[in-house]
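The structure under discussion appears below in the form of structure tokens.
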Amino acid sequence: MGCCSSTEIKRDWKPLEERSCTDIPWLLIFILFGAGMAFICGYPIATGAASRLVRGYDSYGNTCGKNNTKIEGVPLSGRDMTENKYVFFLDPCNLDLINRKIKSLALCVSKCPAAELQTYNDVKQFALNNGSHLCSYDISPTRYTSHADRSTKCPKLPVLPSKSVPLLHRCIPTDISCYAEFAQAFVTFVSDNSVLRRVVAGVMASKEIIMGLCLLALVLSLIMMVVIRYISKVLMWILTILVIIGSIGGTGVLWWLYADHRKALENNTLSVFGKEVASDNVKALLVYSIGATIFTVVLLLVMFFMRKRVALTISLFHVAGKVFIHLPLLALQPFWTFLCLMLFWVYWIAVLLTLGTSGTAVKNNSTGLVEYQMQGPYQYLVWYHAVGLIWISEFILAFQQMTISGAVVTYYFTRNKSQMPVTPILSSMARTFRYHLGTLAKGSFIITLVKIPRLILMYIHSQLKGKENACARCMLKGCICCLWCLEKCLAYLNQNAYTATAINSTNFCTSAKDAFLILVENALRVAAINTVGDFVLFLGKVLVVACTAFAGVLALNYQREYTVWVLPLLIVSVFAFLVAHCFLSVFENVVDVLFLCFAVDSKYNDGSPGREYYMDKALMEYVENSKKSGLYKSGDGHGQELKSMARGGTSA
């Protein structure tokens, strides 16, 4: 199992007849890799790094909240910090952007200063009254006002009020304005800081509108799923008409708003700040209007040339709608997958943070302070952990694809729908757990092998930005583009391989080969059914984004004097697209699985006794309509004509 060697014996597809474990060696490899991830998690716990992360530690190697052992060559180490449970930074706003950390002396203190301390005398009184020493341990509180090294070993004045962060025991300033420089470093591309301030102010002023529009995008996506489920026969024409009206109407509204805002700007009735905001809005509306016009023209041209093929996908979507009627839990798959990914990513980030505090305490001779560094083979644990992030994330996504494939395959190849399992989704998950985890491990590993070099090249490209010559930049971008295309092709092949595994219970390589041959034999069907179906779903995503953005334009129009529209509309549109993509991608997966099942069904069955079709009548009518319109040429894998479904086929 798990090898890619081909066989000379021709094997027929036998849907749901046999079930056996697939790619067991790859399952064992994945389990061993998971054990390595568990070791990486246990290593910082065993070495005390996890405790240092949670409790915090000072610049001399002392962990706050516990009694510490002496570190050789560090006089202020090995102190009893049982009562000092909080980490206090002498200069919390001194940020090291390169290493992404606070570049300041850290101490363990018993209490964070809740009020601002203006002078060293205030610092002294705070220490005497609360027993919380805010200067280095080798300076007594009585010498705070006169010590020669107070500028480097005492906090920078004024000491900002702070409070401890729950769980992490760090004293963080309550006024985060001191981090403005850190935030500004990420937007150095903005030459006019006043524009940046107005954009950020616009986001803050319209945050309630942004949250409401994001909720609207979620509701619209759910409505789109309901529309697909219940009125699939008229879905394509509804979407087509709405997109035409929405795109033309939205473009017209944008041009009208541009003219209205420009007229208001020319009237000189606004304040100075209002003029600046209005000027930014006029520029933004002009860009939006031009972009919407170009997009509308291209979209209408594409829809005109594909109008006949869009009509021919109605039957396929009708069958997919029936799938969602029988399997309503399919719509919840994005939620479970997203929840699993979020839990794993939280775990991964927590382990990564503990790895950052792992290793041996080493004295920095230039500063005299203590740093923790991993030495020897342990320093490569981070790279292993990074590979785990990609592989396990892809494995979770593959599990969703296999679950959907298994449920849809069960629906398609069950002639009497009343004999289906009570919970097909849970049954598909159970089969995947029992038989096919090795196949998922192998398929996700192949995607990982392609994704890692692409990410490395992207990192190199970002680091060399502005330094490399034009030829090197072009070569890097070309390699990144090629790897991205290869990744998308492999992802599509993987999805069909999972469907083949769900049908025939074969290992990954055999399933991928069989699925590839089926797709090649049905190239015209792939073009006429699969691609057009994806285009229609894209129209659904466009409709959700257009409606959300249009509602955003109307809502933000009431705040035209103090809200810059650029960032709020961008945030809302991106969120709307992501939400629509998550929901409609499930429908897209169902369509792809149905197509492969249909191709296998039409290849090995002809409607005669003993070889009855499994396909729905609506799908057979789709094939007949395709033949009449000349967009589809019949003929299966054996060179036989497809016969009409007079007997054997069932309609759900």
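Using the three backbone atoms N, Cα and C, a Cβ is placed for every residue, glycine included.
Quick look at what TrEMBL lists:
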- 24-46: transmembrane segment (TRANSMEM)
- 209-228: transmembrane segment (TRANSMEM)
- 234-258: transmembrane segment (TRANSMEM)
- 285-306: transmembrane segment (TRANSMEM)
- 312-332: transmembrane segment (TRANSMEM)
- 339-362: transmembrane segment (TRANSMEM)
- 382-414: transmembrane segment (TRANSMEM)
- 435-460: transmembrane segment (TRANSMEM)
- 535-558: transmembrane segment (TRANSMEM)
- 565-587: transmembrane segment (TRANSMEM)
- 632-652: region 'Disordered' (REGION)
**OP:** For the transmembrane segment (312-332), name the stretch out of 24-46, 285-306, 382-414, 565-587 with the most CB-CB pairs under 8 Å.
**Re:** 382-414
Original post:
Hey, which bits of the same chain come close to the transmembrane segment (339-362), Cβ under 8 Å, at least six residues off its ends?
Top reply: 40-41, 43-45, 47, 49-50, 52-53, 57, 61, 71, 74, 77, 370-375, 378, 381-382, 385, 388-389, 392-393, 396-397
Subject >> When counting Cβ pairs under 8 Å to the transmembrane segment (435-460), the leader among 24-46, 285-306, 535-558, 565-587 >> reply: 24-46
Original post:
Between the transmembrane segment (535-558) and the transmembrane segment (24-46), do 3 or more CB pairs sit under 8 angstroms, pairs being 6 or more residues apart?
Top reply: no
Original post:
Other than its close neighbours in sequence, what residues sit by the transmembrane segment (285-306), given a CB gap under 8 Å and a spacing of at least six beyond its ends?
Top reply: 240, 243-244, 247-248, 250-251, 254-255, 257-258, 261, 532, 535, 542, 565, 569
